[in-house]
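According to Swiss-Prot:
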type: DOMAIN; residues: 1-141; note: domain 'Globin'
type: BINDING; residues: His58; note: O2 binding site
type: BINDING; residues: His87; note: heme b binding site
Amino acid sequence: VLSAADKNNVKGIFGKISSHAEDYGAEALERMFITYPSTKTYFPHFDLSHGSAQVKGHGKKVVAALIEAANHIDDIAGTLSKLSDLHAHKLRVDPVNFKLLGQCFLVVVAIHHPSALTPEVHASLDKFLCAVGNVLTAKYR
C-alpha cells in the first residue's frame with residue numbers, strides 16, 4: 001500500500017522523468033532485453049538494436065502508462081484496466097516480465113537522477129512499480 005509520502009515521492013520523481021519518456025523507456029527496454037534475453041520473445045517483429053525506432057516507440061508507451069498511473073495514483077487499477085486486459089488476454093506476457101522491466105526502469109532513473117533517487121524515493125518508486133505490475137497481472141487469475 002502506498003502511503004501519502006510514497007505518493008508524493010512518486011509524483012515528484014515522475015515530474016523529473018516525464019520529459020524524457022521516450023529515452024528512459026527505450027533505455028529500460030534495452031536493458032531488459034540484454035539482461036533478461038528471454039523477454040525478447042514477446043517482440044519477434046521488433047528491430048531490437050540500440051536506437052531502434054520500434055524500441056523507442058514502445059518505451060515511450062511504457063513510460064506514458066507509468067506517468068498516467070502516477071497521475072492517477074489513487075486509482076492505478078482503473079487507469080490501467082485496458083492495458084491489463086491487453087497484456088493478460090491478447091499478448092499473454094509472462095507476469096514476471098513486469099517485475100524485470102520495473103527493475104530496469106529503476107536503474108535508468110538512478111543513472112539519470114542519482115541525487116533525486118534518495119533511499120526513500122527509491123523505496124516509494126519500487127512500491128509503485130510493484131503496484132503497477134500487480135495491476136497488470138491481476139487479470140491473469
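Positions of Cβ are set from backbone N, Cα and C atoms, glycine also.
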Self-check item: Cβ atoms near His58 (O2 binding site) (within 10 Å, other residues, all chains)
Solution: 17
Quiz item: Quick one: mean pLDDT on the domain 'Globin' (1-141)?
Solution: 92
Quiz item: Where DSSP helix means H, G or I and strand means E or B, what are the helix, strand and coil counts for the domain 'Globin' (1-141)?
Solution: 114 helix, 0 strand, 27 coil
